Amino acid sequence: MGLSRRPIQAVATWVRRQPPKVKAFLGVVSAMAALVLLRAIVHDHDNLFVAAEAVHSIGICVLIYKLIKEKTCAGLSLKSQELTAMFLAVRLYCSFVMEYDIHTLLDLATLATTLWVIYMIRFKLRSSYMEDKDNFALYYVVVPCAVLALLIHPSTSHNIVNRITWAFCVYLEAVSVLPQLRVMQNTKIVEPFTAHYVFALGVARFFSCAHWVLQVLDTRSHLLVAWGYGLWPMMVLLSEIVQTFILADFCYYYVKSVFGGQLVLRLPSGVV
């Protein structure tokens, strides 16, 4: 095991020493290589969306285990959970009035679980909640997302209010993890269960992003036309990509920590 880790540690050390522009280039190249690999081995790209939902569910299960067994919510952001509940509630409304399907039931289950987590943090485990570290102002993301939804939204035949709320939940989902990243940035040390949960979110976001990107490529951009005209189709893809890259830096240090045999993840300054 020690010998197998040496090449990985050597590569990690080399990457860490590179300037930011080189790191960004390597990240883009790695993402493109992963997309090519997924396109070759996954023939039905809807399976990627299912995989994203499954990984997200695993992350939620880890979170539930932490709250029930560890009886602590230290390191968790209440504000991130509130943003998650907000965009899920809006998306559920849109699903019921616009396109009811199996994902509506999945979102309903996720919303119920998220509300339970919020209840646990606010009431049952309040004493372990790091309120001073969870200092991200929600209006920094909610207001810009609302304004952006008013300006750029789907051009479908649905009611204008429904189209704006749909756009709002897409934009809000893309940035809902920012308060959680701020908590980890403030503490610098991330305990295992929180790290597993955030890493699961990152993997789920990558699968979801890969699903939409590959769908667009396979339909030769016809899917973008089906979404409507104007800037909206590109904003949907951009939101998926933003979600993935927001978590990419954390996922890198998570993998590095796991291969290094560290149970507790320590983040350098300015990582997230």
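Every residue gets a Cβ built from N, Cα and C, even glycine.
Feature annotations, reproduced from TrEMBL:
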type: TRANSMEM; residues: 24-42; note: transmembrane segment
type: TRANSMEM; residues: 104-123; note: transmembrane segment
type: TRANSMEM; residues: 135-152; note: transmembrane segment
type: TRANSMEM; residues: 164-181; note: transmembrane segment
type: TRANSMEM; residues: 193-214; note: transmembrane segment
type: TRANSMEM; residues: 234-255; note: transmembrane segment
Closest-packing stretch to the transmembrane segment (135-152), where packing means Cβ pairs under 8 Å, from 104-123, 164-181, 193-214: 164-181
Contacting positions for the transmembrane segment (193-214) when only residues 6+ beyond its ends and CB under 8 Å are counted: 34-35, 38-39, 45-46, 48-49, 51-53, 55-56, 58-60, 62-63, 65-66, 70, 75-76, 177, 180-181, 184, 236-237, 240-241, 243-244, 247-248, 250-251, 254, 257, 265
Sequence-remote partners of the transmembrane segment (164-181) [C-beta within less than 8 Å, at least six residues beyond its ends]: 76-77, 79-80, 83-84, 86-88, 90-91, 93-94, 98, 134, 136, 138, 141-142, 144-146, 148-150, 152-154, 158, 198, 201, 232, 235-236, 239-240, 242-243, 246-247, 250, 272
